[in-house]
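This report refers to the structure that appears directly beneath it.
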């Protein structure tokens, strides 16, 4: 056991060295990115030893080294939990980050601040590992906030672009809403359990109140971009492609799902929270799949596929299967990072063109990238014996076996079919047919720093699911016999989506352009949610705030009370004074008229 904990500590410690190097010697040399990449590669190799030991021993461990603070009731300490989740996730995250770092050497080669970029990526990874290995809520909150602030810095990396700055602010604001739920849960457990250690929380709060569980659900919805708090996820595509790959594969977006997995024992006996999680995940996975169907930006299609898969993970937690959700996190990381890297390769070679309508015919000019993109898309769709199949098929089988909401199961199956459809659409428009990009475009994919990481992730997308499911034993499995038609449900809807997309492509490639229906606009404009939330509601608020000062300040004070009131007093005084007509002479003359008339009559 000592060897096991020592090896794990040895895995995490070298990651801090590149950051310490920048503190000692701020003038980093050109070799710094290669140094960071080598550190992560060696750390991944070291991490395989404690993971292998965990597979053999199947024994959890907790490392508590340093006490931060002690109050009368609570003791905070630096504590790492080495269990099934953390020991499986660490090598997966390191492997994916290693590939992304090497890809960044090619993609960010001309960036003047590439050293700072690699430092940010490394801190991003470290904060995620802190979150995964934390054994108390406060330490987990440090990692939680760490991935949030690093996502802000990385999304706004190209800070001269207004869209990048807006997307970064949007990401941090939506995550702030989730953080409110997390802090609420922190406060509740401190007051009622007097502890932030998961073991004591589970023992002392076997059936906690609805308040902290709703807080955790809100936190997960914000961080993992569930429906209502989802707009920041496609907007985050304004950052560099390596950032998108790391953000969507093994760091920030899975942090919310991981939070629910880690504290699932608190919620497993609460049917209301389970139902809310299930329905939220089901609606999210369908909505994201519908939006991905009509997107034309290649990175946004992959981003919405991430949102759809996160919804599927929430569905899995909602049917009381956190280990299956974690398995999908691990398998999803490989092909999602690869899809983003293939997209980045295509975008870079086509002079920053992201519109799939202006691509086509890349299968011959970029064979390795195209092959990897096809493998990643098929793995995403859940094609048999690719990495995504081992988790996705199992999730739908388990959903079929469980006593769950049939409505949620139905829309999850529809979303699975749509996943296959938009993956096929992306392949057809990007790789097949005639080239639709300028003829003078210089396409070159011969750089080994581009090809090697894509090759490694392609191998992971082919075999990682088989390796993980056969070597890392699940904690609890329910062996049940189900009919053949239920067993083949996931495969059937996947092939249905594939065939539908192929058929539509064959039927519509020679049709004249018509005005698209309203359903197209709903999908293409993301259900009008950004327009309503980011345009209409702020406009109404601005209009109201504009009218109030105009009516209260300008109209009331500056017009009604002062000028018009003074004018009214002046009119009253004028009326009073104007009753005296100034005709005294005429009045005196009128006295003379009777006298003159009398004299005339007498005479």
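Any Cβ shown, glycine's included, is placed from N, Cα and C.
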Check: Given the ranges 59-75, 144-160, which one is assigned the annotation transmembrane segment in Swiss-Prot?
Finding: 144-160
Note to self: Of the residue ranges 122-142, 521-541, which one carries the transmembrane segment annotation in Swiss-Prot?
What the structure shows: 122-142
Note to self: Counting Cβ pairs closer than 8 Å, which of 4-24, 87-107, 171-191, 272-292 has the most of them with the transmembrane segment (144-160)?
What the structure shows: 171-191
Notebook entry, point to check: Looking at 122-142, 211-233, 241-261, 272-292, which one has the highest count of Cβ pairs under 8 angstroms to the transmembrane segment (325-347)?
Noted result: 241-261
Note to self: Please report, as numbers and ranges, the same-chain residues at least 6 past the borders of the transmembrane segment (87-107) whose CB is under 8 Å from any CB of it.
What the structure shows: 8, 11-12, 33-34, 36-37, 40-41, 43-44, 47-48, 50-51, 54, 114, 117-118, 121, 125, 128-129, 132-133, 240-242, 245-246, 249-251, 258, 326, 329-330, 333-334, 337-338, 341, 344, 348, 447, 449-450, 452-454, 456-457, 460, 464, 468, 472
Note to self: Please report, as numbers and ranges, the same-chain residues at least 6 past the borders of the transmembrane segment (272-292) whose CB is under 8 Å from any CB of it.
What the structure shows: 210, 213-214, 217, 221, 225-227, 230, 234, 260, 300-301, 304-305, 307-320, 404-405, 407-409, 411-412, 414-415, 418-419, 422, 522-524, 526-527
Next item on the list: Please indicate, using numbers and ranges, the residues of the same chain that are 6 or more beyond the transmembrane segment (122-142) and have a C-beta under 8 Å from a C-beta there.
Entry: 12, 15-16, 18-19, 36, 40, 62, 64, 76-82, 85-86, 89-90, 93-94, 97, 150-151, 154, 182, 185-186, 189, 196-198, 201, 246, 250-252, 255, 258-259, 262
